[in-house]
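To start, the structure under review is shown below, and the notes come after it.
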Protein chains: 2
Amino acid sequence: MSVKLNEKLLESLQVAIQQQNNRFIQETLKDKHAADISVLLDQMDALESKYILRLLNPEMSADIVADLEEDTRKGFLKNFSSEELAGLMDYTDSDDAADILNDQPVKVREEVIALMQNSEKAEYIIDLLHYEEDCAGGLMAKELIKANINWNIKQCIEEIRRQTKNVEKVYTVYVVNDKDTLLGRVSLKKIVLSTDDTKIKDIYVSNIQTVQTYYSEEEVAEIMRKYDLEVVPVVNVQGKLLGRITIDDVVDVITEQAELERQIMSGLSETAEVDDSIWTLSRARLPWLIIGMMGGLLGAQYMGFFENELKIVPAIAFFVPLIQATGGNVGIQSSTIVVQTLVGNPFDGKSLGSRLFKVLLVAIFNGIVISSLVFGFVMIFNEMNMAFVVAVALFNVVLIASLTGTITPLILDRLGVNPALASGPFITTANDLIGLAVYFTVAKLLFSI
Amino acid sequence: MSVKLNEKLLESLQVAIQQQNNRFIQETLKDKHAADISVLLDQMDALESKYILRLLNPEMSADIVADLEEDTRKGFLKNFSSEELAGLMDYTDSDDAADILNDQPVKVREEVIALMQNSEKAEYIIDLLHYEEDCAGGLMAKELIKANINWNIKQCIEEIRRQTKNVEKVYTVYVVNDKDTLLGRVSLKKIVLSTDDTKIKDIYVSNIQTVQTYYSEEEVAEIMRKYDLEVVPVVNVQGKLLGRITIDDVVDVITEQAELERQIMSGLSETAEVDDSIWTLSRARLPWLIIGMMGGLLGAQYMGFFENELKIVPAIAFFVPLIQATGGNVGIQSSTIVVQTLVGNPFDGKSLGSRLFKVLLVAIFNGIVISSLVFGFVMIFNEMNMAFVVAVALFNVVLIASLTGTITPLILDRLGVNPALASGPFITTANDLIGLAVYFTVAKLLFSI
């Protein structure tokens with residue numbers, strides 16, 4: 001839907017709510033996808049949203065609430081009693097339901113589960129609440145079709161029929177033994193093409209990819225990407241089938257990761273978009289601005305020690321921006337190359353030495369190129385002496401910034417911190433100070449000779 | 001597979017190739033997934049890879065080649081005759097086959113298509129070669145199951161059986177009329193649960209998401225993400241069904257976009273990883289380093305105009321790093337917030353003015369906070385005068401950097417350039433110069449009073 005169409009629709013719905021024109025609302029939303037209605041509700045206030053939801057069927061309402069943006073949803077559900085929430089949860093997929101209830105106070109959570117009509121779903125949710133949100137256990141849904149290895153196709157189809165309300169999208173049928181141990185899967189295509197008395201054990205695929213409950217979101221995403229899976233079964237350490245993760249959740253994980261990384265790299269302390277409130281936008285920006293400011297003030301203090309030198313040779317000051325910009329650029333480039341390499345495949349300690357050696361070689365090459373160019377340019381307008389100081393300092397800054405830029409993300413990664421932090425103002429602020437120190441040290445050494 | 005296991009396996013395979021121990025190779029790779037074998041082949045030379053592929057069945061070989069990294073694949077396929085390539089293409093999915101042939105010289109491409117045995121596949125490929133790689137037409141595969149609306153379930157199952165070799169993964173059956181116009185779809189679940197004589201027209205879903213051939217990769221990704229689709233049909237302007245795009249290709253698109261953005265934001269002119277050659281690594285880094293250097297040299301020239309002022313009040317120089325760091329940080333933050341907002345939903349011109357006004361308000365707020373803090377700190381160690389100059393300059397730099405940081409990505413986006421470029425060294429270099437100009441102008445004005 002185009003932005004303009006959307007705005008018109010939103011207005012007409014809001015008018016209809018005021019006039020309690022329920023027929024108009026139902027007619028308008030009849031053929032719309034839950035995701036499109038969610039986008040509309042994201043722009044309404046909580047009471048308007050609730051008014052609209054009450055006019056739709058419960059499956060649709062559940063899908064819409066699951067699709068709302070997390071912030072909107074939190075505010076929106078505050079207007080729901082535990083009874084109303086329970087009614088919604090009865091129709092929500094177990095993975096989304098667990099996410100939604102995880103955001104509620106413990107008391108509400110317990111009440112809602114106790115009030116649910118769909119007892120199988122309630123059990124699913126209780127089970128899922130045990131897992132951390134950012135691991136495979138937190139991503140999985142309990143709804144899936146499983147068939148015993150001793151069944152035939154007819155029994156398998158009966159099971160699909162029995163589950164048809166619970167499992168909206170059937171990707172595949174999982175094959176288990178009497179102890180619920182996952183043995184493999186049968187595709188729906190094979191079921192369609194087989195006769196009713198075909199035995200599951202004769203047609204199932206046994207060698208399949210699985211993930212365990214404790215795998216991180218990133219590992220799950222990497223496995224599903226690598227093997228082109230649209231669904232992956234989740235098992236415990238004994239191999240028991242516990243749930244499944246579908247690709248749509250993983251696409252969201254990948255998208256959120258990219259957003260988080262963009263945010264970290266640009267020195268925002270929280271996700272912010274143009275349409276957020278002025279307060280949110282300021283709060284997202286100030287922390288790193290203040291850290292950068294402290295760095296700048298420290299730099300000023302440091303340069304203060306060289307006041308006399310600057311009085312005699314003010315040209316020293318001219319090249320401070322050059323030193324800083326180069327140090328900053330080299331540092332960010334280096335850390336990004338490491339982050340790029342870290343995505344998906346962990347650094348093995350063994351070859352760290354040889355890799356650092358290569359980083360050093362690249363830095364020496366780039367350092368020589370940049371320093372030579374600068375030497376030439378500075379010579380034109382300044383004395384030989386000055387050109388020499390700037391070139392030598394710049395070469396060292398490139399070397400040091402390359403090494404700090406390479407090592408910092410590795411250390412952050414080892415500490416369990418997102419290594420992208422090193423591509424942000426973090427390394428730039430540090431490099432600014434290191435750059436100044438190197439430059440003035442070189443200047444002092446060379447000019448005093 | 002762990003890194004170490006992988007290395008051992010690689011070594012043993014290379015030994016087996018030298019000893020022509022074919023049985024060992026076949027035994028070792030028997031139960032492996034194509035994606036895992038691709039990872040191994042990515043580390044072998046082209047002749048070793050070819051040796052291994054010849055020992056595997058043609059479907060497996062085709063999957064492996066499609067999964068190879070693009071660079072490895074290009075080098076690898078140079079060792080293939082047109083006949084050999086044609087044999088491979090007979091078993092490759094049409095979307096991958098078109099991508100592979102697109103990388104070949106026109107003459108080879110024509111030869112390969114003429115030599116293919118699978119004439120239906122050859123036609124598919126010819127059709128797909130018309131589309132740009134980065135649009136929906138370039139992403140789609142021609143292999144799909146379609147059923148005429150007048151058929152019953154039995155005819156539909158016959159069609160699935162007929163296509164079973166061509167279409168490895170069946171997600172859904174598309175419903176078309178006699179002119180091949182897409183009318184809707186029937187899920188495999190519904191087919192499994194319906195009797196043989198059920199009419200397609202009584203059970204199909206008519207209101208489905210489609211994309212047109214000219215949609216960009218990003219639009220396709222956004223639609224599939226929003227509506228949680230694992231497959232989307234591609235139609236032309238007349239609504240004729242042309243192909244389908246599966247979520248695995250879109251996951252690759254999203255991953256590549258994130259990689260590209262990371263690269264652009266950190267001033268790398270091409271994708272680079274730690275394990276690339278020294279030459280690639282240097283080449284990826286030098287262009288922006290040189291641009292940053294030019295900026296630094298221009299800054300030096302500019303500061304040269306104030307040599308006398310600097311001799312009298314060297315303290316002016318002390319705060320250059322502070323001004324620059326703050327300008328850089330504010331600029332990158334601003335442009336990232338715009339990029340974040342641009343992802344998925346285009347900026348509508350109408351509200352641009354009000355949005356810029358908000359940016360200005362945030363900038364004024366942050367500017368006041370930062371300037372006040374700096375004013376306080378500078379006062380402690382310097383004169384009142386200096387503190388005043390730095391604070392006023394800083395406030396203006398925050399304002400200007402916010403506006404340039406906000407407007408630049410919008411202009412780039414309008415010009416069809418990736419707006420993430422504005423979060424890279426581009427805006428930082430520009431802001432460095434603007435910051436210097438503002439600072440020295442303010443200093444000159446205030447000190448001369």
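Glycine too: its Cβ is placed from the backbone N, Cα and C atoms.
Source: prediction; values computed, not measured.
Residues annotated as domain 'CBS' in TrEMBL: A:204-260.
Taken from TrEMBL, the feature transmembrane segment applies to A:286-305 (among others). A Cβ distance under 8 Å defines the sequence-distant neighbours of the transmembrane segment (A:286-305), meaning residues of its chain 6+ beyond its ends; these are 267-269, 320, 424-425, 428-430, 432-433, 436-437, 440.
Long-range contacts of the transmembrane segment (A:312-339) within the same chain: residues 261, 265, 303, 306, 359, 363, 366, 370, 374, 378, 382, 386, 389-390, 393-394, 397-398, 400-406, 408-410, 419-420, 422-423, 427-428, 430-432, 434-436, 438-440, 443, 447, each at least 6 residues beyond the stretch ends and with a Cβ under 8 Å from a Cβ of the stretch. Residues or ranges marked as transmembrane segment by TrEMBL: A:312-339 (among others).
The feature transmembrane segment is assigned by TrEMBL to A:359-381 (among others). Outside the transmembrane segment (A:359-381), and at least 6 residues removed from its termini, the chain residues within Cβ reach (under 8 Å) are 319, 322, 326, 330, 334, 387-388, 390-392, 394-396, 398-399, 402-403, 406.
Long-range neighbours of the transmembrane segment (A:388-412) within the same chain, counting only residues 6 or more positions beyond its ends whose Cβ lies under 8 Å from a Cβ of the stretch, are 316, 319, 322-323, 326-328, 330-335, 337-339, 342, 347, 352, 356, 359-360, 362-364, 366-368, 370-372, 374-375, 378, 418-423, 426-427, 430-431, 434-435, 438-439, 442-443, 446-447. Residues annotated as transmembrane segment in TrEMBL: A:388-412 (among others).
Annotated transmembrane segment per TrEMBL: A:424-447 (among others), in sequence order. Same-chain residues lying 6+ beyond the ends of the transmembrane segment (A:424-447) with a Cβ under 8 Å from its Cβ atoms: 264-267, 288, 291-292, 294-296, 298-299, 302-303, 305-306, 309, 313, 316, 319-320, 323-324, 326-328, 330-332, 335, 385, 388-390, 392-393, 396-397, 400-401, 404-405, 408.
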